[in-house]
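A.B. asks: Could you have a look at this structure, given as C-alpha cells, before my questions?
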Amino acid sequence: MKYTALLSGSAAALVFAAPLAWAADASDPITIPTHNWSSQIVMSHIVGRMFEELGNNVEYVSSDSQTVYESIRLGDVALEVEVWEGAFGAAFRAAVEKGGIHDAATQQAVTREDWWYPLWTKEACPGLPDWKALNDCAAKFATPETGDKGRFLGGPVDWLKHDAEKVEALGMNFTVVNAGSAAALWAELAAAEKDKKPIVLFNWTPNFAEAVWPGEFVEFPAWQDGCDKDPAVGPMPDKVYDCGNPANGYLKIAAWDGMKEKWPTAYGVLTKVTFTNAQIAEMAKLVDVDGMEPEDAAGTWMEANEAVWKPWLQ
Amino acid sequence: MMGPGIITKQAGAGGARRMTTSPAALIAAFALALVAFKPMLPAGLIRLPEGMVVPFADWINAVFDFLRDDLGMTQLTRWVASGVEAALDVTANLLYGRNRWPHLGAIPWVVIALTVGMAGYVLRGWKLAALTGGTFVWIAVMGQWKWAMETLSVIVVATPISVALGLGLGILGWRHGWFEKLLNPVLNVAQSLPHFAYMIPVVVFVGVGPKSGAIVTIIFSVPPMIRMTMLGLRRVSPEIIESGLMSGANRLQLMTRVRLPAARTEILVGINQVIMQSLAMVVLASFIGMPGLGQKLLQLLQALKIGLSFEIGVTIVLLAIALDRLSKAWSLHQPDHPEPSAGWARRNRMFLWWIGLVIGGFLLAHVIPYFHVVERGQALSLASPIDAAVNALIDLVKPLTEWLRWFLITWLLIPLRNGMLWLPYSAVLLALAAIGWRIGGLRSAVICLAFFVPIALSGWWDRAMITIYTICTAVALALLVGVPLGIWAARNQGRATRMLLLCDTFQTFPSFIYLIPVIMLFGVNDVAVVAAVIVFATVPLVRYTVEGLQGVPPETVEAAQMSGATSRQILWSVRMPLALPTFMIGLNQSVMFALFMVIIAAFIGTQDLGQEMQRALSSTDVGKGLVLGFAVAFIGLMVDHLLMRWSATRKAMLSL
C-alpha cells in the first residue's frame with residue numbers, strides 16, 4: 001500500500017510538472033468493479049494501474065456481474081472492462097436505455113458461447129464436432145434424470161441462452177438441465193474427467209477452462225442474422241433458434257456518462273484499451289493455472305507486455 | 001413437516017377413528033375429495049387462474065420508485081451510508097492499510113494476534129488465549145491476512161452499530177407495549193426472509209461496496225440483539241429496581257446503572273449472536289461488494305480451487321469460534337473489584353502487560369518484516385493435500401453415489417416432485433387448514449391460510465411447491481441421520497461436547513464450499529440439492545437432540561432406573577418424551593436452516609423460488625425479490641407456528 005501511495009504520489013507530481021494538455025482529472029478515486037472470474041479481475045487491475053500511471057487514484061470494489069450496470073448508471077463505479085455480448089448484453093442494453101452508461105470501446109477479442117465438449121468425449125462420439133453426429137450419440141449423454149435422452153448441461157437460466165429452443169427447433173434428442181452457476185459447470189466437468197465420461201455443456205471463450213480442459217465447440221448450422229426471430233432464416237423453415245450462437249460476439253468496455261467530465265484523461269485512455277483473445281487467456285492462465293494473485297498477475301502481465309499498453313497512455 | 005398428501009390421510013384417519021365430525025377432519029375430507037376428483041375439478045381449483053394473480057411485485061416496485069424518485073429517499077440512505085463509510089475508512093486504514101484517514105497504515109499482525117490472545121487470557125485463561133491468538137497466527141501464516149482484515153474491517157464497524165441499534169430498539173420495545181407489538185412481526189419476518197431478498201433494496205438505495213456489505217450485515221444481525229435486550233430487561237427482578245429507586249436513581253440512571261447492568265447476561269448473549277450472524281453473512285454480502293474472505297472464496301470456487309477455498313472456510317470457522325468463545329467468556333466474566341488501596345500499577349497489571357506486548361510486537365515487526373506482513377511467497381498452504389484428500393474421497397464413494405443418485409432420482413425424488421406439482425392448490429390449502437385446526441384450533445387454521453393464500457395469489461405456486469418438496473425430503477432424510485446421531489452423542493459427556501463443536505463447525509463453514517463436492521458426487525440435479533440441504537438441516541437436529549436428552553433431570557432418570565426400567569425403556573419412555581419439546585425447537589430450526597440453504601442451492605441449479613430469487617438479484621428487481629422472499633418467509637413462519645404451537649401444548653401436557 002505504501003508502494004502504491006508512493007507511486008501515485010510521484011505520478012501526481014509528474015502530471016503537475018507536465019504541461020496540462022487535458023483538463024486535470026478529479027482527485028476522487030476512480031472505482032473499478034471486479035467480479036468473480038480471473039481475467040476480469042486481472043484486466044481491471046491492468047486498467048487501474050494505467051490510470052495510476054496517469055496520477056489518478058484507483059479503487060476496486062467487488063460486485064455482482066449483472067447488478068454492476070445499475071451501479072455504473074448511478075456513478076457508484078466508473079466502468080466495466082468486460083461486457084460480454086452473450087452474457088451481459090441484455091443487462092447492458094437495458095441500462096443504456098435507462099441512461100447514465102454508455103459504450104466506451106469495443107475490444108479486439110471476440111467472444112463465443114455455445115455447446116462445448118472436452119476432447120475425451122470424442123472417443124465416445126467420433127463424428128463430433130458436427131451437431132448431427134452429436135445427436136446420433138445422444139444416448140451416450142443420458143443421465144438418470146433425463147431418461148434415455150442425452151443431457152445438455154446449460155448455464156444458469158438468467159444467462160438466457162435459448163438452449164431448450166435450439167433443441168426443439170433442431171429436433172434433437174436432448175434435454176437441457178440448467179446449472180445454477182459457472183462453478184457448478186466446472187464441478188461437473190471435473191467429475192466427468194475422472195472416468196472420462198462423455199459430457200456436453202455450455203462453455204465460452206476466452207476462459208480459463210480452455211487451458212485446463214482442452215475441448216471444442218459443437219458446430220451447429222452457422223448463425224445468421226434473424227435466426228432468433230425469423231423462422232425462415234436457418235435450415236428449419238418453420239423454427240426460430242435453428243442455428244448456433246454467433247461465433248464472434250463483442251467484448252465491450254462500458255463507462256459511466258460522468259466519467260468523461262470527471263476524469264477526462266483516464267477516460268481518453270480507456271477508450272483506447274483493447275485486448276485480444278490470446279492476451280485475455282494469458283491473464284486468466286496466470287491466475288487460474290499458475291496460481292498467482294490477480295493483483296500480481298496484472299503486474300506480471302504488464303511487465304511482459306509493455307509494448308501493448310504503453311502506447312495507449314500517449 | 002410431511003407432504004400434505006400424507007398428512008391429509010393421517011388427519012382423515014384420525015377423524016374416522018374417533019367417529020366425530022371435528023372441523024379438522026371435515027376440512028381434511030374436503031381436501032381429500034378435491035384430490036380424488038381432480039380430473040373433474042374446474043381448472044380454477046387446480047391452479048389459480050391467471051386473472052386472479054395479484055401483481056404484488058408491481059405494487060412493491062411502485063412504492064420503491066416513489067420512495068426513491070419522488071421522496072428522494074436515496075439521498076437520505078446515501079447520507080447514512082456515507083457515515084458508515086467514514087467509519088469503514090478508518091478501520092480499513094488501521095487493519096489493512098487502505099489509503100485513508102488517519103493514514104497510519106496497517107497494524108502489524110503480531111500486534112493484533114498478541115492483543116486478541118491477551119484478551120482471551122484475561123477473560124478465561126491460557127486455553128482461550130491459545131485459541132484466539134492461534135486463530136490470528138493461522139490467518140497470518142496462511143497468507144490470508146489482508147482478506148481477513150478486509151472482512152474484519154467491516155465487521156468491526158457493523159457489530160457496534162448493530163448492538164447500539166438493537167439496544168435502542170429493544171429498550172423502546174420493552175418500554176412501550178405498542179412498539180413491541182409492532183416490532184415482533186417485523187422481527188419474525190426479518191429473521192426468516194432469505195438474505196438475497198433484502199440485498200436487492202440495499203443495492204438500489206446504497207449501492208455496492210464495503211458500505212453496502214456493512215449495512216446488509218447490520219440488517220441481518222440486529223434482530224437477535226433486539227430480542228435479547230427486551231428479554232433481559234423484562235427479567236430484571238423488581239427487588240433490584242427497588243434498591244435502585246431507594247438509592248435515589250432517576251429514570252436515566254435507573255436504566256444505565258441498574259436495569260442494563262442487571263440484564264448484562266442476556267445483552268451479552270445478544271452481542272454474541274450479532275457477531276455470529278455477521279460472520280454468517282461474510283460470503284453472501286460479497287455479492288454486493290463486501291471485500292475480503294467471502295469475495296476471495298467465491299472467486300476461488302469459480303476456478304474450482306477447492307483446497308484454497310477450504311482454507312478460507314477454515315479461517316471463517318476459526319474466527320467464528322474464537323469470537324464466539326471470547327464473547328461468551330466476556331458474558332460469564334464477572335467484573336473484579338480489586339482493593340482500592342492497591343497501587344495503580346497493581347490494579348492495572350494486565351493493562352501494563354498488554355502495553356508492553358504491543359510495544360514489543362511493533363518492535364519485532366519493525367526489525368523482522370515477516371512479523372509485519374507475511375508476503376505471498378512466504379505463506380504456507382495446505383491446498384494440495386486438501387485437494388488430494390477431496391479427490392480420494394470422491395473416488396472412494398463415487399460408485400456408491402452413482403447408484404444412490406439413480407435410485408433417489410428414479411424412485412423417490414421425481415415421483416415426489418411430480419406428485420407435489422400434481423396436487424390442486426385448493427386441496428393443499430384445505431389440507432393445511434385442516435392441520436392447523438387439528439393442532440391449534442380455528443386460530444391456527446386461519447394463520448396457516450394467512451401465510452399460504454398470499455403465496456397462491458403471488459403466482460409462484462409451482463415454484464413454491466418445488467421448494468417445499470425439496471425441504472420436506474431433505475428434512476425427512478436429515479431426521480434419519482440427525483436423531484440417531486444425536487442419541488448416540490448424548491450417551492456420554494465428552495462425545496456430546498465434540499459433537500456440538502462439530503455442529504458449530506458445520507454451521508459456520510461457508511456452505512458454498514461443499515456445494516462443489518456435492519455436485520461432483522451427484523451431478524447437477526435434485527439429489528445434489530437435497531444432499532446439500534441435508535448437510536445443513538441435520539445440524540440443529542443433532543444439536544437439540546443432544547441438548548434435549550442431556551437436559552432431562554437426572555432424578556427422573558434415577559427414578560426410572562429404580563423402578564427397574566431397562567436402558568432402552570429409559571430412552572424411549574422417559575428421556576425421549578421429556579426431550580421432545582426441545583427436540584421440536586430443533587426440528588423447527590432444521591426447517592429454517594433448510595429454507596436458507598435451499599436458496600443457496602440455486603447455485604447448483606434448481607427450478608424453485610431460489611432460482612427466481614437469483615434472477616431477481618441479477619436484474620435488481622426489488623419487487624420480485626421481495627415477493628419471493630416473503631413466499632419463503634411465509635413457508636417458514638407457518639411451519640414455525642405449527643411446531644411451536646404443538647410443542648407448547650405438549651409441554652403443558654407434560655407440565656414442564
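Note that Cβ sites are derived from N, Cα and C of the backbone, with glycine treated the same way.
Note that the coordinates shown come from a computational prediction; the quantities given were computed from them, not determined experimentally.
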A.B. asks: Please identify the range among B:267-288, B:531-552 that TrEMBL labels transmembrane segment.
C.D. replies: B:267-288
A.B. asks: Which of B:196-220, B:578-605, B:625-643 has the most Cβ pairs closer than 8 Å to the transmembrane segment (B:442-461)?
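C.D. replies: Counting Cβ pairs under 8 Å, the winner is B:625-643.
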A.B. asks: Suppose I define contact as three or more CB-CB distances under 8 A, residues 6 or more apart in sequence; do the transmembrane segment (B:20-37) and the transmembrane segment (B:406-435) meet it?
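C.D. replies: Answer yes, regions in contact.
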A.B. asks: Given pairs 6 or more apart, does the transmembrane segment (B:104-122) have at least three Cβ pairs under 8 Å with the transmembrane segment (B:351-371)?
C.D. replies: yes
A.B. asks: Counting only CB pairs under 8 A, let me know which of B:196-220, B:267-288, B:300-323 has the most with the transmembrane segment (B:152-176).
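C.D. replies: Answer, by Cβ pair count: B:267-288.
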A.B. asks: Below 8 Å between Cβ atoms, which of the listed ranges B:196-220, B:267-288, B:300-323, B:406-435, B:467-488 makes the most pairs with the transmembrane segment (B:578-605)?
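C.D. replies: Against the transmembrane segment (B:578-605), the leading stretch is B:467-488.
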